[in-house]
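A.B. asks: If you scroll down you'll find the structure; I have some questions about it.
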Amino acid sequence: MEIRPTTDQDVDVFLDNLHTAFGMFRDPDNTLLAGYEWDRNLMAWTEDGRAVGTTGAYSFELTLPGAVVVPVAGVTGVTVLPTHRRQGVLKAMMRHQLDALRERGEFLSVLLASEATIYRRFGYGPATYTQRLTVARHRNAPAAPRAGAQVAPDAGTVEVLTRADSGEILEQVYDRYRRLQPGALSRPAHWWERGAGQPPVSPAPRFVAVHRDADGTPDGYATYTISRDASPSSLSVDEVIAVDDTVAAALTRVLLDHDLVDQVVFRRTSTEDPLFWQLADFRAAEVSGFDDWLWVRILDVPRALTSRAWFADGELVLEVADGFANAGGRFLLSVRDGKASCERTDREADLSLDVSDLGSVYLGGTTPSTLVRAGQIRAHRPGAAALADTLFRSDRTPYCLHWF
Ligand SMILES: CC(=O)SCCNC(=O)CCNC(=O)[C@H](O)C(C)(C)COP(=O)(O)OP(=O)(O)OC[C@H]1O[C@@H](n2cnc3c(N)ncnc32)[C@H](O)[C@@H]1OP(=O)(O)O
(Lines of atoms letter the chains of each structure in order from A and count residues from 1; the text may use other names and numbers.)
(Lines give C-alpha, C1' and ligand atoms only; values in the text may rest on other atoms or scores of the structure.)
Protein backbone atom coordinates (compact mmCIF):
# COMPACT_ATOMS: atom_id res chain seq x y z
CA MET A 1 0.00 0.00 0.00
CA GLU A 2 1.15 3.51 -0.77
CA ILE A 3 0.05 6.74 0.96
CA ARG A 4 0.62 9.88 -1.07
CA PRO A 5 -0.63 13.47 -1.33
CA THR A 6 -3.73 13.98 -3.44
CA THR A 7 -3.14 15.56 -6.86
CA ASP A 8 -5.61 17.51 -9.03
CA GLN A 9 -6.30 14.31 -10.96
CA ASP A 10 -7.31 12.51 -7.77
CA VAL A 11 -10.02 14.92 -6.63
CA ASP A 12 -12.92 12.96 -8.10
CA VAL A 13 -11.80 9.59 -6.85
CA PHE A 14 -11.10 11.12 -3.42
CA LEU A 15 -14.66 12.46 -3.25
CA ASP A 16 -16.13 9.21 -4.58
CA ASN A 17 -14.30 7.18 -1.96
CA LEU A 18 -15.21 9.55 0.83
CA HIS A 19 -18.91 9.52 -0.03
CA THR A 20 -19.02 5.73 -0.39
CA ALA A 21 -17.26 5.25 2.93
CA PHE A 22 -19.69 7.57 4.72
CA GLY A 23 -22.68 6.02 2.91
CA MET A 24 -23.63 9.27 1.16
CA PHE A 25 -24.46 10.01 -2.47
CA ARG A 26 -22.54 12.81 -4.12
CA ASP A 27 -24.51 16.00 -4.55
CA PRO A 28 -22.95 18.75 -6.70
CA ASP A 29 -24.70 21.44 -4.62
CA ASN A 30 -23.39 20.10 -1.36
CA THR A 31 -20.94 22.58 0.15
CA LEU A 32 -19.95 20.41 3.12
CA LEU A 33 -16.48 19.78 1.73
CA ALA A 34 -15.90 23.14 0.04
CA GLY A 35 -13.29 24.11 2.63
CA TYR A 36 -10.79 21.44 1.58
CA GLU A 37 -7.15 22.42 1.19
CA TRP A 38 -6.37 19.86 -1.46
CA ASP A 39 -2.60 20.08 -1.05
CA ARG A 40 -3.04 18.78 2.51
CA ASN A 41 -5.12 15.74 1.61
CA LEU A 42 -3.75 12.20 1.39
CA MET A 43 -4.95 9.01 -0.21
CA ALA A 44 -4.08 5.36 0.32
CA TRP A 45 -3.59 3.22 -2.80
CA THR A 46 -3.31 -0.55 -3.12
CA GLU A 47 -0.44 -2.10 -5.05
CA ASP A 48 -2.73 -2.64 -8.06
CA GLY A 49 -3.55 1.10 -8.17
CA ARG A 50 -6.89 1.24 -6.37
CA ALA A 51 -7.65 4.18 -4.09
CA VAL A 52 -9.00 2.79 -0.81
CA GLY A 53 -8.47 5.49 1.84
CA THR A 54 -8.66 9.25 2.30
CA THR A 55 -7.73 11.82 4.89
CA GLY A 56 -7.19 15.56 4.93
CA ALA A 57 -6.23 18.48 7.10
CA TYR A 58 -7.38 22.06 7.38
CA SER A 59 -5.12 24.91 8.51
CA PHE A 60 -7.01 26.31 11.47
CA GLU A 61 -6.08 28.41 14.47
CA LEU A 62 -7.02 27.16 17.92
CA THR A 63 -7.49 29.37 20.96
CA LEU A 64 -5.73 28.05 24.05
CA PRO A 65 -6.42 29.06 27.67
CA GLY A 66 -5.51 32.70 28.17
CA ALA A 67 -6.66 33.75 24.68
CA VAL A 68 -3.46 32.43 23.08
CA VAL A 69 -4.06 31.70 19.39
CA VAL A 70 -1.92 28.98 17.76
CA PRO A 71 -1.92 27.14 14.43
CA VAL A 72 -3.45 23.69 14.44
CA ALA A 73 -4.16 20.95 11.91
CA GLY A 74 -7.85 20.05 11.68
CA VAL A 75 -7.89 16.43 10.55
CA THR A 76 -10.90 15.50 8.45
CA GLY A 77 -12.29 13.26 5.74
CA VAL A 78 -10.87 10.08 7.25
CA THR A 79 -12.28 7.13 5.34
CA VAL A 80 -11.47 3.63 4.20
CA LEU A 81 -13.66 1.84 1.67
CA PRO A 82 -15.97 -0.76 3.25
CA THR A 83 -14.17 -3.48 1.25
CA HIS A 84 -10.76 -2.65 2.74
CA ARG A 85 -11.49 -2.03 6.40
CA ARG A 86 -9.64 -3.61 9.34
CA GLN A 87 -6.56 -4.26 7.26
CA GLY A 88 -4.48 -1.43 8.70
CA VAL A 89 -5.21 1.26 6.06
CA LEU A 90 -6.29 3.87 8.61
CA LYS A 91 -3.31 3.11 10.81
CA ALA A 92 -0.93 3.63 7.89
CA MET A 93 -2.65 6.89 6.93
CA MET A 94 -2.56 8.22 10.49
CA ARG A 95 1.14 7.50 10.78
CA HIS A 96 1.88 9.18 7.47
CA GLN A 97 -0.30 12.16 8.36
CA LEU A 98 1.19 12.76 11.80
CA ASP A 99 4.70 12.63 10.27
CA ALA A 100 3.62 15.10 7.60
CA LEU A 101 2.17 17.48 10.22
CA ARG A 102 5.41 17.38 12.17
CA GLU A 103 7.43 18.07 9.03
CA ARG A 104 5.33 21.21 8.53
CA GLY A 105 6.22 22.27 12.07
CA GLU A 106 2.74 21.72 13.49
CA PHE A 107 2.56 20.69 17.13
CA LEU A 108 -1.17 20.15 17.62
CA SER A 109 -3.73 18.22 15.65
CA VAL A 110 -7.47 18.19 16.31
CA LEU A 111 -10.47 16.35 14.91
CA LEU A 112 -14.14 15.56 15.45
CA ALA A 113 -14.50 11.81 15.85
CA SER A 114 -17.29 9.91 14.06
CA GLU A 115 -16.91 7.17 16.69
CA ALA A 116 -15.31 7.54 20.10
CA THR A 117 -13.46 4.22 19.80
CA ILE A 118 -11.26 5.07 16.81
CA TYR A 119 -8.72 7.77 17.62
CA ARG A 120 -7.33 7.27 21.11
CA ARG A 121 -4.91 4.65 19.80
CA PHE A 122 -3.46 7.38 17.60
CA GLY A 123 -2.96 9.72 20.57
CA TYR A 124 -6.12 11.85 20.36
CA GLY A 125 -8.17 12.57 23.48
CA PRO A 126 -11.55 14.31 23.84
CA ALA A 127 -10.93 17.84 25.10
CA THR A 128 -14.14 19.85 24.66
CA TYR A 129 -17.76 18.88 25.16
CA THR A 130 -21.19 20.13 24.18
CA GLN A 131 -24.73 19.54 25.36
CA ARG A 132 -28.24 20.40 24.27
CA LEU A 133 -30.34 22.75 26.41
CA THR A 134 -34.09 22.81 25.93
CA VAL A 135 -36.10 25.57 27.63
CA ALA A 136 -39.88 25.35 27.73
CA ARG A 137 -41.04 28.82 26.76
CA HIS A 138 -43.56 29.12 29.59
CA ARG A 139 -40.70 28.57 32.08
CA ASN A 140 -38.37 31.13 30.56
CA ALA A 141 -38.73 33.95 33.12
CA PRO A 142 -35.41 35.64 33.88
CA ALA A 143 -33.89 35.38 37.34
CA ALA A 144 -33.85 38.61 39.30
CA PRO A 145 -30.27 39.84 39.75
CA ARG A 146 -28.80 39.01 43.17
CA ALA A 147 -26.03 40.93 44.89
CA GLY A 148 -25.86 43.47 42.10
CA ALA A 149 -25.91 42.72 38.40
CA GLN A 150 -22.87 40.63 37.43
CA VAL A 151 -23.67 40.97 33.76
CA ALA A 152 -23.57 44.68 32.90
CA PRO A 153 -26.77 46.25 31.54
CA ASP A 154 -26.97 46.01 27.78
CA ALA A 155 -26.50 49.30 25.96
CA GLY A 156 -26.90 47.73 22.53
CA THR A 157 -29.66 46.72 20.16
CA VAL A 158 -30.80 43.50 18.51
CA GLU A 159 -32.15 43.21 14.97
CA VAL A 160 -33.38 40.07 13.24
CA LEU A 161 -32.01 39.52 9.71
CA THR A 162 -31.79 36.50 7.47
CA ARG A 163 -28.58 34.65 6.68
CA ALA A 164 -28.77 35.96 3.12
CA ASP A 165 -28.94 39.57 4.35
CA SER A 166 -26.24 39.32 6.99
CA GLY A 167 -23.28 40.10 4.72
CA GLU A 168 -20.00 39.70 6.56
CA ILE A 169 -21.43 40.24 10.02
CA LEU A 170 -21.23 36.57 11.01
CA GLU A 171 -17.67 36.17 9.80
CA GLN A 172 -16.47 39.32 11.54
CA VAL A 173 -18.19 38.66 14.85
CA TYR A 174 -17.15 35.01 14.91
CA ASP A 175 -13.53 36.01 14.36
CA ARG A 176 -13.57 38.39 17.34
CA TYR A 177 -15.31 35.80 19.52
CA ARG A 178 -13.10 32.80 18.72
CA ARG A 179 -9.90 34.61 19.70
CA LEU A 180 -11.20 34.88 23.28
CA GLN A 181 -12.77 31.46 23.70
CA PRO A 182 -10.45 28.57 24.61
CA GLY A 183 -11.16 25.57 22.39
CA ALA A 184 -12.59 27.67 19.56
CA LEU A 185 -11.29 27.23 16.02
CA SER A 186 -10.89 29.83 13.32
CA ARG A 187 -13.21 29.69 10.34
CA PRO A 188 -10.93 30.56 7.40
CA ALA A 189 -12.07 33.26 4.97
CA HIS A 190 -12.45 30.79 2.12
CA TRP A 191 -14.99 28.80 4.19
CA TRP A 192 -17.23 31.87 4.33
CA GLU A 193 -16.62 32.71 0.66
CA ARG A 194 -17.49 29.19 -0.46
CA GLY A 195 -20.17 28.59 2.17
CA ALA A 196 -18.35 25.49 3.36
CA GLY A 197 -19.29 23.19 6.22
CA GLN A 198 -22.55 23.43 8.12
CA PRO A 199 -24.87 26.39 8.82
CA PRO A 200 -24.37 29.19 9.52
CA VAL A 201 -21.09 29.08 7.55
CA SER A 202 -22.88 27.31 4.73
CA PRO A 203 -25.68 29.56 3.54
CA ALA A 204 -28.74 27.45 4.40
CA PRO A 205 -31.76 29.64 5.31
CA ARG A 206 -31.44 30.94 8.85
CA PHE A 207 -32.74 33.79 10.96
CA VAL A 208 -29.89 35.81 12.42
CA ALA A 209 -30.44 37.91 15.54
CA VAL A 210 -27.63 40.47 15.33
CA HIS A 211 -26.53 42.41 18.39
CA ARG A 212 -24.88 45.80 17.90
CA ASP A 213 -23.08 47.84 20.52
CA ALA A 214 -24.01 51.43 21.37
CA ASP A 215 -21.98 52.63 18.37
CA GLY A 216 -23.76 50.27 16.00
CA THR A 217 -20.88 47.80 15.56
CA PRO A 218 -22.05 44.15 15.44
CA ASP A 219 -20.68 42.29 18.45
CA GLY A 220 -22.88 39.20 18.63
CA TYR A 221 -25.30 37.04 16.71
CA ALA A 222 -27.50 33.99 17.11
CA THR A 223 -28.61 31.87 14.16
CA TYR A 224 -31.78 29.82 14.34
CA THR A 225 -34.68 28.19 12.56
CA ILE A 226 -38.28 27.77 13.65
CA SER A 227 -40.36 24.66 13.13
CA ARG A 228 -44.02 25.08 13.95
CA ASP A 229 -45.31 21.92 12.22
CA ALA A 230 -43.94 19.56 14.85
CA SER A 231 -45.30 19.32 18.37
CA PRO A 232 -43.82 20.77 20.49
CA SER A 233 -43.04 23.63 18.14
CA SER A 234 -39.42 24.70 18.44
CA LEU A 235 -36.99 27.46 17.88
CA SER A 236 -33.73 25.67 17.22
CA VAL A 237 -30.49 27.59 17.80
CA ASP A 238 -27.30 26.72 15.90
CA GLU A 239 -25.04 29.05 17.83
CA VAL A 240 -24.98 32.12 20.03
CA ILE A 241 -21.73 33.96 19.30
CA ALA A 242 -20.93 37.01 21.39
CA VAL A 243 -17.85 38.97 22.31
CA ASP A 244 -18.92 39.17 25.97
CA ASP A 245 -21.47 37.83 28.45
CA THR A 246 -23.74 40.88 28.31
CA VAL A 247 -24.19 40.44 24.57
CA ALA A 248 -24.73 36.68 24.92
CA ALA A 249 -27.38 37.28 27.60
CA ALA A 250 -29.18 39.86 25.45
CA LEU A 251 -29.29 37.52 22.45
CA THR A 252 -30.37 34.56 24.56
CA ARG A 253 -33.22 36.60 26.00
CA VAL A 254 -34.48 37.50 22.52
CA LEU A 255 -34.53 33.81 21.60
CA LEU A 256 -36.24 32.75 24.83
CA ASP A 257 -38.96 35.38 24.42
CA HIS A 258 -39.85 34.39 20.86
CA ASP A 259 -43.58 34.03 20.37
CA LEU A 260 -45.37 31.09 18.76
CA VAL A 261 -42.99 28.36 19.86
CA ASP A 262 -43.33 25.88 22.73
CA GLN A 263 -39.63 25.47 23.36
CA VAL A 264 -36.23 26.90 22.55
CA VAL A 265 -33.54 24.33 21.80
CA PHE A 266 -29.89 25.38 22.07
CA ARG A 267 -28.42 22.54 20.07
CA ARG A 268 -24.79 22.63 21.16
CA THR A 269 -23.92 24.76 24.14
CA SER A 270 -20.93 24.82 26.42
CA THR A 271 -21.26 22.56 29.45
CA GLU A 272 -20.74 25.69 31.57
CA ASP A 273 -23.40 27.78 29.86
CA PRO A 274 -24.55 30.48 32.34
CA LEU A 275 -28.13 30.16 31.07
CA PHE A 276 -29.29 28.06 34.04
CA TRP A 277 -28.36 30.84 36.40
CA GLN A 278 -30.19 33.43 34.33
CA LEU A 279 -33.55 31.66 34.65
CA ALA A 280 -35.86 32.15 37.63
CA ASP A 281 -36.69 28.43 37.39
CA PHE A 282 -33.31 26.73 37.67
CA ARG A 283 -34.74 23.48 36.27
CA ALA A 284 -36.28 25.06 33.20
CA ALA A 285 -33.24 24.30 31.03
CA GLU A 286 -33.29 20.58 30.42
CA VAL A 287 -29.91 19.05 29.56
CA SER A 288 -29.57 16.27 27.01
CA GLY A 289 -27.23 15.15 24.26
CA PHE A 290 -23.95 15.46 26.14
CA ASP A 291 -21.27 14.89 23.52
CA ASP A 292 -17.55 15.07 22.99
CA TRP A 293 -16.56 17.57 20.33
CA LEU A 294 -12.91 18.52 19.78
CA TRP A 295 -10.27 15.79 20.15
CA VAL A 296 -6.71 16.99 20.68
CA ARG A 297 -3.44 15.27 19.70
CA ILE A 298 -0.23 16.76 21.07
CA LEU A 299 2.75 16.24 18.75
CA ASP A 300 5.31 18.20 20.74
CA VAL A 301 4.77 18.20 24.50
CA PRO A 302 7.14 21.06 25.49
CA ARG A 303 5.86 23.31 22.72
CA ALA A 304 2.23 22.58 23.55
CA LEU A 305 2.64 23.14 27.28
CA THR A 306 4.66 26.34 26.92
CA SER A 307 2.19 27.81 24.42
CA ARG A 308 -0.90 28.06 26.61
CA ALA A 309 -1.33 30.49 29.51
CA TRP A 310 -1.44 29.18 33.07
CA PHE A 311 -3.29 30.53 36.09
CA ALA A 312 -1.46 29.07 39.08
CA ASP A 313 2.18 28.42 39.92
CA GLY A 314 3.61 24.95 40.53
CA GLU A 315 5.80 22.12 39.30
CA LEU A 316 4.83 18.69 38.02
CA VAL A 317 6.83 15.89 36.47
CA LEU A 318 4.80 14.20 33.75
CA GLU A 319 5.70 10.80 32.34
CA VAL A 320 3.96 10.87 28.96
CA ALA A 321 3.52 7.63 26.98
CA ASP A 322 3.13 7.88 23.23
CA GLY A 323 3.22 4.46 21.57
CA PHE A 324 2.20 5.80 18.17
CA ALA A 325 4.12 8.97 17.35
CA ASN A 326 7.01 9.16 19.80
CA ALA A 327 6.11 12.48 21.39
CA GLY A 328 6.42 11.00 24.86
CA GLY A 329 9.04 11.18 27.58
CA ARG A 330 9.44 12.53 31.10
CA PHE A 331 8.96 16.28 31.34
CA LEU A 332 9.25 18.83 34.12
CA LEU A 333 6.42 21.33 33.79
CA SER A 334 7.21 24.41 35.79
CA VAL A 335 4.76 27.33 35.93
CA ARG A 336 5.58 30.81 37.22
CA ASP A 337 3.50 33.95 36.76
CA GLY A 338 1.30 32.54 34.03
CA LYS A 339 4.11 31.09 31.90
CA ALA A 340 5.41 27.55 31.75
CA SER A 341 8.76 26.01 31.00
CA CYS A 342 8.82 22.35 30.03
CA GLU A 343 11.99 20.30 29.73
CA ARG A 344 13.00 16.68 29.76
CA THR A 345 14.00 15.52 33.21
CA ASP A 346 15.26 12.53 35.21
CA ARG A 347 13.30 13.53 38.28
CA GLU A 348 10.72 11.10 39.63
CA ALA A 349 7.36 11.37 37.92
CA ASP A 350 4.35 12.86 39.72
CA LEU A 351 1.89 11.63 37.11
CA SER A 352 2.09 8.97 34.38
CA LEU A 353 -0.29 9.47 31.52
CA ASP A 354 -0.94 8.60 27.91
CA VAL A 355 -0.51 11.38 25.36
CA SER A 356 -4.23 11.08 24.56
CA ASP A 357 -5.07 11.93 28.19
CA LEU A 358 -2.65 14.85 28.08
CA GLY A 359 -4.68 16.00 25.04
CA SER A 360 -7.86 15.70 27.12
CA VAL A 361 -6.59 17.82 30.02
CA TYR A 362 -4.56 20.28 27.90
CA LEU A 363 -7.30 22.86 27.34
CA GLY A 364 -8.64 22.56 30.89
CA GLY A 365 -11.94 20.93 29.93
CA THR A 366 -11.21 17.59 31.61
CA THR A 367 -9.77 17.51 35.12
CA PRO A 368 -6.70 15.29 35.64
CA SER A 369 -8.11 14.01 38.94
CA THR A 370 -11.16 12.63 37.11
CA LEU A 371 -8.83 10.58 34.92
CA VAL A 372 -6.87 9.49 37.99
CA ARG A 373 -10.13 8.33 39.60
CA ALA A 374 -11.05 6.59 36.33
CA GLY A 375 -7.78 4.64 36.51
CA GLN A 376 -6.42 6.27 33.35
CA ILE A 377 -3.81 8.65 34.80
CA ARG A 378 -1.51 7.31 37.51
CA ALA A 379 -0.66 9.66 40.38
CA HIS A 380 2.61 8.72 42.12
CA ARG A 381 2.20 10.86 45.22
CA PRO A 382 -0.66 12.28 47.29
CA GLY A 383 -1.61 15.74 46.12
CA ALA A 384 -0.26 15.32 42.59
CA ALA A 385 -3.72 15.02 41.03
CA ALA A 386 -5.04 18.04 42.94
CA LEU A 387 -2.03 20.10 41.89
CA ALA A 388 -2.55 19.01 38.28
CA ASP A 389 -6.21 20.11 38.51
CA THR A 390 -5.12 23.53 39.73
CA LEU A 391 -2.43 23.92 37.09
CA PHE A 392 -4.34 22.71 34.03
CA ARG A 393 -7.45 24.79 34.83
CA SER A 394 -8.47 27.22 32.10
CA ASP A 395 -9.64 30.82 32.48
CA ARG A 396 -12.89 29.71 30.84
CA THR A 397 -14.33 26.29 30.02
CA PRO A 398 -13.02 25.31 26.59
CA TYR A 399 -15.73 25.06 24.01
CA CYS A 400 -15.79 24.47 20.28
CA LEU A 401 -18.76 24.46 17.95
CA HIS A 402 -17.05 24.64 14.59
CA TRP A 403 -17.96 21.60 12.49
CA PHE A 404 -15.33 20.31 10.05
C1 LIG B 1 -11.99 12.95 11.63
C2 LIG B 1 -12.90 12.09 10.80
O3 LIG B 1 -12.89 12.20 9.61
S4 LIG B 1 -13.92 11.01 11.60
C5 LIG B 1 -14.53 9.92 10.32
C6 LIG B 1 -14.00 8.50 10.44
N7 LIG B 1 -14.54 7.74 9.30
C8 LIG B 1 -15.70 7.04 9.36
O9 LIG B 1 -16.35 6.93 10.39
C10 LIG B 1 -16.17 6.47 8.03
C11 LIG B 1 -16.53 4.98 8.15
N12 LIG B 1 -15.43 4.16 8.66
C13 LIG B 1 -14.27 3.97 7.98
O14 LIG B 1 -14.05 4.52 6.91
C15 LIG B 1 -13.23 3.04 8.58
O16 LIG B 1 -13.90 2.04 9.31
C17 LIG B 1 -12.24 3.75 9.55
C18 LIG B 1 -11.53 4.86 8.80
C19 LIG B 1 -12.94 4.31 10.75
C20 LIG B 1 -11.22 2.69 10.03
O21 LIG B 1 -10.40 2.30 8.95
P22 LIG B 1 -9.65 0.86 8.95
O23 LIG B 1 -8.70 0.87 7.81
O24 LIG B 1 -10.63 -0.22 9.05
O25 LIG B 1 -8.82 0.94 10.31
P26 LIG B 1 -7.51 0.05 10.62
O27 LIG B 1 -7.66 -1.31 9.99
O28 LIG B 1 -6.28 0.79 10.26
O29 LIG B 1 -7.63 -0.07 12.18
C30 LIG B 1 -6.69 0.44 13.06
C31 LIG B 1 -7.15 0.11 14.46
O32 LIG B 1 -8.35 0.84 14.73
C33 LIG B 1 -9.41 -0.08 15.06
N34 LIG B 1 -10.62 0.48 14.48
C35 LIG B 1 -10.78 0.92 13.23
N36 LIG B 1 -12.03 1.38 13.05
C37 LIG B 1 -12.66 1.24 14.22
C38 LIG B 1 -13.96 1.54 14.64
N39 LIG B 1 -14.86 2.09 13.81
N40 LIG B 1 -14.27 1.28 15.92
C41 LIG B 1 -13.35 0.72 16.75
N42 LIG B 1 -12.10 0.42 16.39
C43 LIG B 1 -11.76 0.69 15.13
C44 LIG B 1 -9.01 -1.38 14.45
O45 LIG B 1 -9.63 -2.45 15.10
C46 LIG B 1 -7.51 -1.35 14.65
O47 LIG B 1 -7.25 -1.65 16.00
P48 LIG B 1 -5.82 -2.27 16.48
O49 LIG B 1 -4.80 -1.21 16.24
O50 LIG B 1 -6.06 -2.55 17.93
O51 LIG B 1 -5.62 -3.47 15.63
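Every residue, even glycine, has its Cβ placed from backbone N, Cα and C.
What TrEMBL says about a protein is an automatic prediction, not a curated fact.
Not my notes, these are from TrEMBL:
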ACT_SITE  TYR119  active site, proton donor
ACT_SITE  PHE404  active site, proton acceptor
BINDING   VAL78, THR79, VAL80, ARG86, GLN87, GLY88, VAL89, LEU90, LYS91, SER114, GLU115  acetyl-CoA binding site
DOMAIN    1-142  domain 'N-acetyltransferase'
A.B. asks: Those recorded positions, VAL78, VAL80, LYS91, TYR119: which ones have a Cβ sitting under 6 Å from ligand 1?
C.D. replies: VAL78, VAL80, LYS91
A.B. asks: What is the number of residues in the domain 'N-acetyltransferase' (1-142) that are helix, strand and coil, as DSSP sees it?
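C.D. replies: Helix, strand, coil within the domain 'N-acetyltransferase' (1-142): 42 helix, 51 strand, 49 coil.
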A.B. asks: Please find, for VAL78, THR79, VAL80, ARG86, GLN87, GLY88, VAL89, LEU90, LYS91, SER114, GLU115 as listed binding acetyl-CoA, the greatest distance between any two Cα atoms, in Å.
C.D. replies: 19
A.B. asks: Which residues of the same chain, at least 6 positions away in sequence, have a Cβ lying under 8 Å from the Cβ of LYS91 (acetyl-CoA binding site)?
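C.D. replies: In sequence order, the residues whose Cβ lies under 8 Å from that of LYS91 (acetyl-CoA binding site) (at least 6 apart) are PHE122.
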A.B. asks: In whole Å, note down how far the CA of TYR119 (active site, proton donor) lies from the CA of GLN87 (acetyl-CoA binding site).
C.D. replies: 16
A.B. asks: Can you check how the pLDDT averages out over the domain 'N-acetyltransferase' (1-142)?
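C.D. replies: Reported value for the domain 'N-acetyltransferase' (1-142) is a mean pLDDT of 97.
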A.B. asks: Given TYR119 (active site, proton donor) and VAL78 (acetyl-CoA binding site), what distance in Å do their CA atoms have, once rounded to a whole number?
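C.D. replies: TYR119 (active site, proton donor) and VAL78 (acetyl-CoA binding site) have their Cα atoms 11 Å apart.
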A.B. asks: Across all chains shown, how many C-beta atoms besides its own are within 10 angstroms of the C-beta of VAL78 (acetyl-CoA binding site)?
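C.D. replies: 21, counting other Cβ atoms within 10 Å of VAL78 (acetyl-CoA binding site).
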A.B. asks: In angstrom units, rounded to an integer, how far apart are the Cα atoms of GLU115 (acetyl-CoA binding site) and the residue listed as 'active site, proton acceptor'?
C.D. replies: 15
